Amino acid sequence: MEVPASFVVVSLLLSCFVGTSYGVYFSSLNKTLIVTATPKQGQVLKAGEDKITVTWRFNKTYPAGTDSSYKTIKIKLCYAPVSQKDRSWRKTVDLLKKDKTCPHKIVARPYAASNNTFTWTIERDIPSAVYFVRAFAVNAEDQQVAYGQTTDAHKSTNLFEVQAITGRHVSLDVASICFSAFSIVSLAGFFYMEKRKGKK
Amino acid sequence: MPEIEGSPGTSMHGVTGREPVLAFSVASPMVHMDHNAKFDLPVDSEHKATVFKLFSFANPHMRTFHLSWISFFTTFISTFAAAPLVPIIRDNLNLTKSDIGNAGVASVSGSIFSRLVMGAVCDLLGPRYGCAFLIMLSAPTVFCMSFVSDASGYIVVRFMIGFSLATFVSCQYWMSTMFNSKIIGLVNGTAAGWGNMGGGATQLLMPVLFEIIKKAGATPFTAWRIAFFVPGWFNVIMGILVLTLGQDLPDGNLGALQKKGDVAKDKFGKVLWYAVTNYRTWIFVLLYGYSMGVELTIDNVIAEYFYDRFDLQLHLAGIIAACFGMANLLARPFGGFTSDYMAKRFGMRGRLWNLWLLQTAGGVCCVCLGLVNSLPLAITFMMLFSIGAQAACGATFGIIPFISRRSLGIISGMTGAGGNFGSGLTQLIFFASAPFSTAKGLTYMGLMIIGCTLPVSLVHFPQWGSMFLPPSKDIVKGSEEHYYVSEWTEEEKQKGMHQASLKFAENCRSERGGKVASAPTPPNNTPGHV
């Protein structure tokens, strides 16, 4: 009775260690795009207020025809290594499907070799962190085929900081204090009333 | 003839130190019923209900049941409300992995202390006040989430909210004063299990609230703060209901009964002494850390685990995480039920084996949960683990009422605290520090569960035996009366303070299991025998 059950369990277990390892690897991509963004090295921007202007174009030093498969350009806001430290949910993984470096979308545009620019107001759900900008060229099957970024290969230059909104509001604070006071006062009130009834 | 009462939960109509007491010469497995008492449910000689009518709200037994489990449910919602929202909170407050882990540890650590205190409070002031005070005083801590702006604030607030988990003790204690020992496993298991469901319900509730508030126009970093007002208000409402609708004992409230002289006040020092010097207390403190403790740990880490490892959306991860906690609906009562069922045939030995089997099975499934890479298998093992661990919690509290009669409150409190200590410890070792991935942490935690469940084989009752050893053959030492009355000194027995323990001993003869032959009367146990 026990042996078949454990055999099934073990074979099921082994079968799911055969992970899905197809997909595009970041290390296989060429840096064929030149991307620049307005924030300078070390600049601090405020979420919800400040803007980033991104420009991108194809690097003509690559042979002509390299960009024939590029359909769309996706611009993303990416975490610098210092903001990935101790935060495994922002980990850089070579397999792009599993990569969590660039979760924030700035814009997606159809591909054009030059004269591309976009101004983006930093959204209010962008967390406080150090960032750079990366562009992915995507083909018709929605697979990444090339990239470009505002920083170097070690992600150490030209990084900028975003300061997030706190999410706090005065009205919330006031409501919180009022409700807390209500709870304590009504508890004290009940207790006092019961003690008084008990004394009678 | 003055009526002499024992500890809370007793009613001794017509029995004084001078009259001939109820005959102990025929030990029967039947419960001594009090047919003169006017309650909605049939009651025993302590006025505890002998029947569990789930869908009734009759005062006092079933109403207490519902007030009790719902207040406990509410505190679970509040304590684990942050867990499913961690993916948003960690971005808002710029938390690191260790901040999140430490907050998880903090959320369960506060109640280690508060559960110990609550045990004493219940013994001395009654479960009604204990429960109401706790949940209404912790409501402000839930509202405080709106002020939090960094990691340290987050950790402190989660620590303070965690104090409210002590309602577990008031819940179990309250059930023990209202329900007879033959059904206490099922009743305690159901009340606590349904309360623990709050840990699952919150994983569904908070993401849904968050989405609704976001759709209403708030930004994510504000929406999660507003969402916290809902659990805060649950606390306030339940506190008011407990104060207005609840009562401590079947016969009334503790304060009133103590004033009338119906209930003797016991000394805290004595109650504590008998709890602490009973080795079984400590074994159960450890055991509960690896059934309830791991359940609390999973409540804190599982939503984030599914979100990160399997790349699920927030509300989907929340749904899966909710299934873990919601399994308590049936799993924990199931554990209490199997405990009572095994006791019918095998007595206390059956209860102990039942506990060991359930908890170890849970540990095995936890090991597998961390190993698998596929989502459906992970969910399967998670559910099997939840059933094992939660049923083990129910089975534990099917045994706790028998460890001591005098110190039930403190032992419940200590065991509950042990649960939280186990949770804090496992989160600290396996999840808060960087070197382990969460998946590895789950596997190692499963191995620790299996190891820490082994000590249940050491629990031995002289009157009932243990997992491997039979009961004592000595006529005196092998009686229930001897075990429970030994908690009282001769002086206290002279005052008749041990009457409740005698009643309890008589009512729990069924823990011998199977066919109970009439036990010979232990000598020198009947007070003032003519």
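Placed from the backbone N, Cα and C atoms, the Cβ positions cover glycine too.
Record features (TrEMBL):
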- B:520-530: compositional bias 'Pro residues' (COMPBIAS)
- B:64-458: domain 'Major facilitator superfamily (MFS) profile' (DOMAIN)
- B:509-530: region 'Disordered' (REGION)
- B:67-88: transmembrane segment (TRANSMEM)
- B:129-148: transmembrane segment (TRANSMEM)
- B:154-174: transmembrane segment (TRANSMEM)
- B:186-206: transmembrane segment (TRANSMEM)
- B:226-250: transmembrane segment (TRANSMEM)
- B:312-331: transmembrane segment (TRANSMEM)
- B:352-372: transmembrane segment (TRANSMEM)
- B:378-403: transmembrane segment (TRANSMEM)
- B:415-436: transmembrane segment (TRANSMEM)
- B:442-461: transmembrane segment (TRANSMEM)
Remote residues contacting the transmembrane segment (B:442-461) - C-beta distance under 8 A, at least 6 residues beyond either end:
280, 283-284, 286-287, 289-291, 294, 297, 305, 348, 352, 355-356, 359-360, 362-371, 385, 389, 392, 399, 402, 426, 429-430, 436, 467-469, 471, 483, 511
Tally Cβ pairs under 8 Å between the transmembrane segment (B:226-250) and each listed stretch (B:129-148, B:186-206, B:312-331), then give the stretch with the top tally.
B:129-148
Find the average pLDDT over the domain 'Major facilitator superfamily (MFS) profile' (B:64-458) in the predicted model and report it.
89
Same-chain Cβ contacts of the transmembrane segment (B:312-331) under 8 Å, 6 or more residues past its ends?
76, 80, 83-84, 87-88, 193-204, 206-208, 210-211, 295, 298-299, 302-304, 306, 375, 379, 382-383, 386-387, 390-391, 394
So what's near the transmembrane segment (B:378-403) in sequence-distant terms, Cβ-Cβ under 8 Å and 6+ beyond its ends?
172, 176, 181, 184-186, 188-189, 192-193, 196, 278, 280-281, 284, 287-288, 291-292, 294-295, 298, 302, 306, 310, 320, 323-325, 327-328, 331-340, 343, 348, 351-352, 354-355, 358-366, 368-369, 372, 411-412, 415, 419, 446, 449, 453, 459, 461, 508, 511
Let me spell it out: take the transmembrane segment (B:67-88), skip the flanking residues so only those 6+ beyond its ends count, and list any with a Cβ under 8 Å from a Cβ in it.
100, 103-104, 107-108, 111, 127, 131, 134-135, 138, 142, 145, 154, 158, 161-162, 164-165, 167-168, 170-171, 174-175, 190-192, 194-199, 201-203, 205-207, 210, 220-221, 223-224, 227-228, 231-232, 234-235, 238-239, 241-242, 245-246, 299-301, 303-304, 307, 314, 317-318, 321, 325
